[in-house]
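Visitor: For 35-55, 56-76, 98-118, 120-140, 153-173, 180-200, 226-246, 248-268, 292-312, the entry in Swiss-Prot reads transmembrane segment, with the evidence type sequence analysis.
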Amino acid sequence: MSVIESHDLGLIAPRISEAGVADYVALLKPRVMSLVIFTALVGLLLAPGSFHPVLAITSILCIGVGAGAAGALNMWYEDDIDAKMTRTANRPIPRGKITRPEALTFGMTLAFFSVVTLGILVNWIAAALLAFTIFFYVVIYTIWLKRVTAQNIVIGGAAGALPPVVAWAAVTGSVSVEPMLLFAIIFFWTPPHFWALALFRAGDYANAGVPMLPVTAGPDATRLQILLYTIALVAVALAPWPLGYFSAVYGITSLALGGGMLACALRVYRHRTGSAALRASRNLFRFSILYLFALFAVLLLEVVARGVLALFG
């Protein structure tokens, strides 16, 4: 065999991407993205002052794209973890549909586009907050905290709580108490939501080497933390009503939803073994999603109602 023939046999043909549109959409974490867009929309509509509809749509799109960029960069870095977990093994990178360099390029491009577009077309305060949100989620949470501490989701949850603040800043060019109240609600909601998931996925996290609280401290300690954070969440979510920031309709809804959330958390705390424990943690995880959507939906409906009354009043 000639040297040339031997060399030719060693050549590796360039990889042709097998990714379709659906694979790139999956990189964006569309479920998380939808929650981000919804909470950001509430923050934007609650903000005082007039805002051109085109700028409002631009702001929400940029925040949504920024969230998608963070999701893509998260999957780029965590491909090794995703491949070991049943819940995430079907994501585009572990399946070989998208390579890590492709995911990195996609995520960085979207992050740059979302921040710069928001800055140029809306304002640079909102753009800076969006850039910080992406940085916090990707660098502080994904790259640093997630693999080293069981408090990863507590600290990292700040990134998921920032979209309403970004949206408020898009309208006003500043930050005030109201968006920080929304931030606090999402921040205290995050640990019970994700620890409930971690309780019935503890084996997955242990197999992947992720130090989630049920893996490092055990399920009983996790149940106690879920209960404590849920109590804090109910109090924080109710506080804007007596403080005069949100209406009685919001307050009553918050009280009712908080009662449901607390009841679910108490069941998780009490049922510690067998199918009852598994069912309790699953129910809390599902109800927590309903809780946050319903709570923010009430605020959204109040804004719409005020607008209708102002139009016809």
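Glycine too: its Cβ is placed from the backbone N, Cα and C atoms.
Keep in mind that what you see is a predicted model, and the values were worked out from it rather than measured.
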Visitor: Looking only at residues six or more beyond either end of the transmembrane segment (120-140), which have a C-beta under 8 A from one in the stretch?
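Guide: For the transmembrane segment (120-140), the sequence-distant neighbours (Cβ-Cβ under 8 Å, at least 6 residues beyond its ends) are 55, 58-59, 62-63, 66, 69-70, 73-74, 77, 111, 114, 155-156, 158-160, 162-163, 165-167, 169-170, 173-175.
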Visitor: Below 8 angstroms Cβ to Cβ, which residues of this chain, lying six or more residues outside the transmembrane segment (35-55), approach it?
Guide: 63-64, 67, 121-122, 160, 163-168, 170-172, 178-179, 182, 186, 292-293, 296, 299-300, 303-304
Visitor: Test the contact criterion for the transmembrane segment (292-312) and the transmembrane segment (180-200): 3 or more CB pairs under 8 Å, pairs 6 or more apart in sequence, then answer yes or no.
Guide: yes
